[in-house]
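Okay, structure first, notes after.
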């Protein structure tokens with residue numbers, strides 16, 4: 001596993017982001033054959049995935065995708081929306097979404113910006129910590145599957 005070289009305070013978001021990136025890079029180095037992760041559940045006895053539950057491969061690709069954005073910044077809004085929507089959706093849906101977003105923007109300006117910042121900051125910290133744990137679990141599960149457990 002890669003060692004963090006920068007020193008940040010314990011609960012600093014930059015430290016959480018660096019740790020997440022390091023754990024995902026380690027996961028990418030350990031998982032040599034990602035296709036082995038298909039149809040394997042994250043928790044449990046290593047059985048096949050139940051209906052609707054994400055498999056290890058889904059986690060693997062999601063964690064890598066998020067890491068790219070953490071390391072290199074956000075995609076432009078249009079690209080992100082196209083990626084999420086899978087390039088499917090009508091113009092009417094897009095216009096409705098833009099109208100709803102404009103209303104949300106107006107309301108958000110009226111709210112306390114410091115409170116919004118704190119909410120989003122703490123949520124991001126929590127989510128990145130959770131994703132880091134998931135990346136460690138995917139790595140550990142892959143090592144168990146391939147007999148690489150140290």
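Indices start at 1 and increase along the chain as displayed.
Backbone N, Cα and C atoms are what each Cβ position is placed from, and that goes for glycine too.
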Position flagged as phosphoserine [Swiss-Prot], chosen from 48, 90:
90
Out of 60-82, 83-105, let me know the one Swiss-Prot marks region 'Disordered'.
83-105
